[in-house]
């Protein structure tokens with residue numbers, strides 16, 4: 001009597017339908033992304049790692065790097081009086097740039113959000129600074145701020161105000177720098193805020209109008225709370241740009257952040273130690289201190305704004 005094998009036949013899993021094309025698409029996607037990842041690694045990750053390594057070294061290009069531990073950071077906080085001056089000037093410049101930029105951008109975006117005849121021309125004029133490089137813009141503003149023949153002093157003379165030494169006296173140098181920075185920053189901030197305003201539902205405004213709220217009341221009580229996230233984004237970007245300010249300061253006020261030390265900001269200090277004094281280790285330590293300050297400020301602002309946005313959304317729900 002012969003035995004019959006009753007064990008189940010081994011199951012063979014068939015490839016899922018469409019798995020082959022999906023794998024080919026995934027492989028093609030990785031190939032397309034690879035150059036970008038390589039560029040990020042070469043131009044971002046490697047410089048970050050190298051600067052962190054150099055912050056613990058003493059190096060002037062001509063001699064081999066020498067490990068000094070935390071001495072660069074120690075000297076920065078304890079032995080360099082210019083660091084405190086640069087911090088003070090950077091904070092003043094940041095406040096004098098970020099706050100006016102947000103306020104002016106809110107007003108301009110609110111005007112551009114209105115359906116008025118000829119508003120397209122106004123939008124073109126407002127966005128024009130985005131097409132101009134910072135260096136070219138700073139050169140133009142040098143002529144505007146000229147003490148004797150500058151356009152701004154000529155216009156002030158029409159109303160009986162004497163010539164103002166914008167770029168000559170320390171008390172006016174920082175003010176002139178803030179004016180240029182705000183003029184440069186407003187167009188970008190306006191684009192972000194205008195896009196956010198156009199995303200606010202019209203039904204909310206209709207309900208407010210039924211309740212008798214005017215346009216200013218609608219703007220303050222509805223528009224601003226609902227675009228708080230975009231305002232926070234503009235604030236973070238403006239703070240980062242203000243802390244990294246260099247090109248405008250260099251062109252307007254010189255490589256030393258003059259007159260005297262009126263515009264000696266962290267960007268100028270970093271440039272001097274890296275390319276004038278060839279203290280690359282010290283400059284790297286300064287760069288990482290700037291990064292730490294920006295990181296703390298950004299996290300704090302996002303947390304505060306996020307909490308307020310959550311409270312606002314609960315109040316409107």
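The backbone N, Cα and C atoms fix where each Cβ goes, and this holds for glycine too.
Curation does not apply to TrEMBL; its annotations are automatic.
Per TrEMBL, the features are as follows:
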type: REGION; residues: 1-22; note: region 'Disordered'
type: TRANSMEM; residues: 31-56; note: transmembrane segment
type: DOMAIN; residues: 87-301; note: domain 'ABC transmembrane type-1'
type: TRANSMEM; residues: 91-112; note: transmembrane segment
type: TRANSMEM; residues: 124-144; note: transmembrane segment
type: TRANSMEM; residues: 150-168; note: transmembrane segment
type: TRANSMEM; residues: 175-197; note: transmembrane segment
type: TRANSMEM; residues: 231-250; note: transmembrane segment
type: TRANSMEM; residues: 286-304; note: transmembrane segment
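Cβ atoms under 8 Å from those of the transmembrane segment (175-197) belong to residues 93, 96-97, 100-102, 104-106, 108-110, 112-113, 126-130, 134, 137-138, 141, 145, 166-167, 223, 226-227, 229-231, 233-234, 237-238, 241-242, 245, 248-249, 252-253, 263 of the same chain, restricted to positions at least 6 beyond its ends. Contact check: the transmembrane segment (91-112) against the transmembrane segment (286-304) gives fewer than three Cβ pairs closer than 8 Å, residues 6 or more apart, which falls short of the contact criterion. Sequence-distant contacts of the transmembrane segment (231-250) (same chain, six or more residues past either end, CB-CB distance under 8 Å): 90, 93-94, 97-98, 101-102, 105-106, 134-135, 137-138, 177, 180-181, 184-185, 188-189, 192-193, 224, 257, 263, 265-268, 270-271, 290, 293-294, 297-298, 301-302, 305-306, 309.
When Cβ-Cβ distances under 8 Å to the transmembrane segment (31-56) are tallied for each of 124-144, 150-168, 286-304, the top count falls to 286-304.
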